[in-house]
Amino acid sequence: MEIIYEEFKEALSKIKVLRENANIIEETVQRSVREIIRHVREGKDEALSFYTKKFDGVEMKNFRVSEEEIQQASMFVENSFLEALKEAKKNVVSYHEKQKKHSIFDCESKGIIRGQLIRPLENIGVYVPGGTASYPSSVLMNVLPAKLAGVKKIVMVTPPRKGGIDPHILAAADLAGVDEIYTIGGAQAIAALAYGTESIPKVDKIVGPGNLYVALAKREVYGIVNIDMIAGPSEIVVVADETGNAKYIAADLLSQAEHDERATAICITTNMELAKEVEKEVERQLETLPRSEIARESINRNGAIFIVPSLEEALKLSNEIAPEHLELHIKEPMNALDYVKHAGSIFLGPYSPEPLGDYLAGPNHVLPTSGTARFFSPLSVDDFVKKSSFISYTEEALKNVQHHIVELANKEGLHAHARAIQIRFEEEK
């Protein structure tokens, strides 16, 4: 893991290169995704069967998982896993319940009622990865906010495996309250949810993480359906001063590096000795990490330790990165919170590691990546509702403001707009 001592501009330039390397997308992949979407849109279930056999090596006659299979899943998982899942659900629900908003009714002016109605989406699709690892936690994080929002129908898709879907995924789906589950994955699953097939219902919104093909497919169908965000590779930035614990920091960097080779892990510190210790500790921990091959490739390609002269400079650099995950391993992390402008989720102190947020604390782990934390937010209840404004004026209230409306409409050359107001009061002249 390279240690870099640079001025702010040079450091930022190198970080941008790291991020660009992590987000390189080959044109051939984009073309392949578009072709898959076109094929599924036209061929529907037949196309899904073709791609499921091609990419997953499984022949599927029926994509839907039976209620019996879902309910039996709990019999094949550990009790300790179910207990952990229930604890996570409790925390996710208690946190996201506080995000719920109510419709607005404004009756302050005589004869005028204005307001905003908040309504849940009718149905959503949740993509749950099933590639190099299984992610039951993603089920809870994507489904529970939708349930709290009042979404009527939640459809889940996840790639098939030889031998069936991981029962841990099914147990999480059952606990979270998923309505229908289908064994399809990849770009073809996103296309099926966006356009519908004979078996798969069309949804209004698609959420959930996935590989590059899934992310590009979501981008392609945006506008046909809504999506949560375009998720890039996982990333973490650790800001540390001399009080930082090298073992903890290295472990947290590797917790993101093990996701995939394109993940980014960066430490920004004010202390050279700590930087050297973190570098050694990363190598030491890689030796015993089960997913060390993936993590090592990630660290070698997209990992770095930056030395900066001050904590202020470290936070400034972090804000420019706008990371998905930001950890503050500093003396007074809460005092630094006001200086953090751009981050998906912030972890304060040595005992608030990123995996705590991934699994149990309650805030959502579906976060903006690739610098989009500058303008995107974590997944929330808000993502599963839509808002409609309403207006009610009495005759007298409209009459009192008609001249303003007519003036503005005429200035814009929209005379029918003006006429629609004037015609209501012509008989009085």
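Numbering starts at 1 and runs along the chain as it is shown here.
Glycine too: its Cβ is placed from the backbone N, Cα and C atoms.
Note that this is a predicted model, so its numbers are computed, not measured.
Long-range Cβ proximity for GLU324 (active site, proton acceptor), meaning a same-chain Cβ under 8 A and a gap of 6 or more residues, is found for SER234, GLU235, ILE236, ALA343, GLY344, SER345, LEU367, PRO368, THR369, ALA373. Feature annotation from Swiss-Prot assigns active site, proton acceptor to GLU324 (among others); the stated evidence is sequence analysis.
For HIS325 (active site, proton acceptor), the same-chain residues 6+ apart in sequence whose C-beta sits under 8 angstroms from its C-beta are SER234, GLU235, ILE236, VAL237, GLN256, ALA343, GLY344, SER345, PHE347, GLU354, GLY357, LEU367. The active site, proton acceptor annotation in Swiss-Prot covers HIS325 (among others).
Look at GLN188 (NAD(+) binding site): DSSP puts it in a helix. Under the heading NAD(+) binding site, Swiss-Prot lists TYR127, GLN188, ASN211, citing sequence analysis as support.
As annotated by Swiss-Prot, substrate binding site applies to SER234, GLN256, HIS259, HIS325, ASP358, GLU412, HIS417, with the evidence given as sequence analysis. Other Cβ atoms within 10 Å of the Cβ of GLN256 (substrate binding site) number 29 in total over all chains. Classification of GLN256 (substrate binding site) by DSSP places it within a helix.
In the shown protein chains, 20 other C-beta atoms lie within 10 A of the C-beta of HIS259 (substrate binding site). The Zn(2+) binding site annotation in Swiss-Prot covers GLN256, HIS259, ASP358, HIS417, and the record cites sequence analysis as its basis.
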What's the CA to CA span in angstrom from GLU412 (substrate binding site) over to TYR127 (NAD(+) binding site)? 46
Over all shown protein chains, what is the count of other CB atoms within 10 A of the CB belonging to HIS417 (substrate binding site)? 15
CA pair TYR127 (NAD(+) binding site) / ASP358 (substrate binding site), Å rounded to integer, equals 17
Taking GLN188, ASN211, SER234 as the binding-site residues to compare, which has the smallest set of other Cβ atoms within 10 Å? ASN211
Conformational class of HIS417 (substrate binding site) under the three-state DSSP mapping: helix
Looking only at DSSP and grouping its letters into three states, which state does GLU412 (substrate binding site) belong to? coil
